[in-house]
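As given in TrEMBL:
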SIGNAL    1-22  signal peptide
REPEAT    59-146  repeat 'Solcar'
REPEAT    155-241  repeat 'Solcar'
REPEAT    243-331  repeat 'Solcar'
TRANSMEM  249-269  transmembrane segment
């Protein structure tokens, strides 16, 4: 490591080289005081270092965003059929058609609507939720670094949880309209009555405007705060596991299960709120009224309806998500 004196000499040489390349005006000349020159050189070097630091921060954020998007696409394709089954079981209007559990629901949908029935409404999330997953991972990394006292600081599990929860709350601004459209399409049980994503959005916009697209925002925000326990579980499992290429897959599976268990009742409420428009919702007007009406009519068990297909789905989905994320991030970090 260079001494303080050699560092000052280097800075002074940098200043002199900079001044020799510039043409001073007749009315002004460089200051003769070496101390002033050294201060100027320090300022120039400090600005250059800050600029480089900013570029590195943006590159890191973009790498996390791109890797998260890749992970989101992988997880979405793997898990979407399970999500369709979950929505059919949670929605009060369609649940009665599938009284025999997850496996029979799968077979009934395929028999009546063919395999494409399991992928109804995937256009909206593939266009928005996969990039949103990139924002989640990028935002999570950003909030972690925001809490860190130094670049090499290892975050505590409390900081991990806070970063994840804040990311989820912000993500809900995009998740809410996306899942609203998805749920409206998933709850259509006819094999022919499937309006396009654009048609569903246009219909909601004409009838209710932007507020219609954000129906269920509170329930969505409460559910997405589950990214706190989600990243907590992933980080804890990673720290306790031996280094291995399989660790992200195992930790991802654990994270998916814990994340859903932490906030699943809010997902049930969100599905019921978003399945119908407010003017015909009856007792399902808001998050609180939906929770009370569901509890009164169907008991505590209703808040865990559709849990098993969700947990089964969470394992391969989050294995694919974190596996693809870590792999993509590895390649993005390679020098050009």
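Just so you know, glycine gets a Cβ as well, placed from its N, Cα and C.
Predicted automatically and left uncurated, TrEMBL annotations should be read as such.
Within its own chain, the transmembrane segment (249-269) has Cβ neighbours under 8 Å at 90, 219-220, 222-234, 237-238, 241, 287, 290-291, 294, 302-307, 310-311, 314-315, 317-323, counting only residues six or more beyond its boundaries. Averaged over the repeat 'Solcar' (59-146), the predicted model reaches a pLDDT of 84. Under DSSP, the residues of the repeat 'Solcar' (59-146) split into helix, strand and coil as follows: 77 helix, 0 strand, 11 coil.
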